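Novice: Below: one structure in structure tokens.
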Amino acid sequence: MTTLGTPLSPSATRVLLLGSGELGKEVAIELQRFGVEVIAADRYANAPAMQVAHRSHVLDMLDPIALRTLIANERPHLIVPEIEAIHTEALVALEREQGQKVIPTARAARLTMDREGIRRLAAETLGLPTSPYRFVDTVEEYRDAIAAVGLPCVVKPVMSSSGKGQSTLRSEADIDAAWEYAQTGGRAGAGRCIVEGFIDFDYEITLLTVRHAGGTSYCDPIGHWQQDGDYRESWQPQPMSAAALRRSQQIAKAITDDLGGRGLFGVELFVKGDEVWFSEVSPRPHDTGLVTLVSQELSEFALHARAILGLPVGAQDGGVIRQAGPSASCALLAHGNGVPAFDNVAEALRDPDTALRLFGKPRVDGHRRVGVTLARADSVDAAREKARVAAAALTIQLQA
């Protein structure tokens with residue numbers, strides 16, 4: 001797609017975002033820079049991407065009839081899934097029956113909507129190294145799986161994100177509570193889970209991998225710190241050996257080549273010395289990649305927009321995306337119930353090498369990521385400290 005129309009006209013190039021969170025918001029902004037007509041959909045009103053889209057829709061995207069009706073009415077040129085909780089079989093059928101273009105492909109959306117599809121592809125079809133694992137449906141299978149993979153281990157619903165339903169089991173005392181949380185915390189309610197054995201790794205990375213008209217390109221590796229299964233900080237570049245980086249790129253290319261299509265993929269990997277293990281992949285921008293808003297000339301969102309529109313992504317020789325220097329991000333979390341408001345914004349931005357993104361989440365119930373601070377410095381450690389200081393300066397209030 002190299003001819004782009006004018007939004008809100010008969011020539012418009014229309015893109016439908018399925019999921020309208022903070023990552024979708026940044027994708028929508030990048031698409032609008034190219035005059036794309038953006039339609040945002042999600043299960044709740046006033047989601048972040050809806051605030052910058054040409055129009056929006058609220059629906060249950062796990063309902064195939066509602067999803068098909070939306071697509072029939074909007075007639076998008078591209079469908080861009082931004083979350084996992086979508087009736088992907090409907091997308092597969094539409095791609096097969098009507099030639100509907102799903103990014104990167106409907107098959108990729110289906111395989112990555114839950115952990116089972118992508119883990120079986122990576123480990124059993126492609127033979128990529130992974131942690132030991134078992135899939136379970138019942139509490140009896142769950143206990144057998146723990147016995148098989150050993151403690152410590154991790155249990156996750158096959159369909160969840162941002163750490164929801166995920167627990168780390170370090171002793172037998174954790175077993176019952178972890179099962180209960182896995183059955184209540186996933187996106188699709190009670191059901192199938194994965195039990196994963198621990199890997200003794202040095203660090204985790206996200207390798208942002210872009211499939212585009214000119215081939216496959218890679219961003220510098222992103223290191224990250226998680227708590228309760230959810231991203232708290234990320235930084236770029238993550239130092240690693242040349243051998244580990246080559247192996248990471250080989251694994252990323254193997255999985256993204258199999259998934260196919262065009263767009264940006266977030267490939268999560270465990271690294272120990274020169275050894276690398278595949279963890280997960282998202283066929284869309286990744287939350288740890290928010291750091292690229294300041295660390296790269298083209299952010300992960302700009303790269304995704306360019307790739308899906310068939311435009312050059314500005315890769316250097318060797319397929320590496322240009323990086324702007326050591327950078328870091330720190331997530332802003334709100335706890336409680338209400339509509340978020342932010343104080344001390346000027347203080348948070350006092351350092352000229354810091355930036356701030358407030359997502360526009362309409363409400364917090366419990367705990368929610370509502371923004372991110374970003375920083376550049378002469379080293380990754382200094383950038384991380386700047387991002388933390390900026391985050392600590394902000395005060396988040398929840399208003400009734």
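For all residues, glycine too, the Cβ spot is worked out from N, Cα and C.
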Novice: Hey, Swiss-Prot has N(1)-(5-phospho-beta-D-ribosyl)glycinamide bound by Glu22, Leu23, Glu82, Lys361, Arg368, Arg369. Any idea which of Asp174, Asp274, Asp287 it lists too?
Specialist: Asp287
Novice: Pop the mean pLDDT for the domain 'ATP-grasp' (120-309) in here, whole number is fine.
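Specialist: Average per-residue pLDDT within the domain 'ATP-grasp' (120-309): 94.
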Novice: Which one is it, among the binding-site residues Ser161, Gly165, Glu268, that lies nearest to Glu82 (N(1)-(5-phospho-beta-D-ribosyl)glycinamide binding site) by Cα separation?
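Specialist: Closest candidate to Glu82 (N(1)-(5-phospho-beta-D-ribosyl)glycinamide binding site), judged by Cα separation, is Ser161.
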Novice: Quick one, of the binding-site residues Glu22, Glu268, which Cβ has the fewest other Cβ within 10 Å?
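Specialist: Checked Glu22, Glu268; of these binding-site residues, fewest Cβ neighbours within 10 Å: Glu268.
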Novice: Could you tell me which three-state DSSP class Asp287 (N(1)-(5-phospho-beta-D-ribosyl)glycinamide binding site) falls into?
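Specialist: It is helical.
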Novice: Write out the long-range same-chain contacts of Glu280 (Mg(2+) binding site), meaning residues 6 or more apart in sequence whose Cβ is under 8 Å from its Cβ.
Specialist: Arg115, Ile118, Val267, Glu268
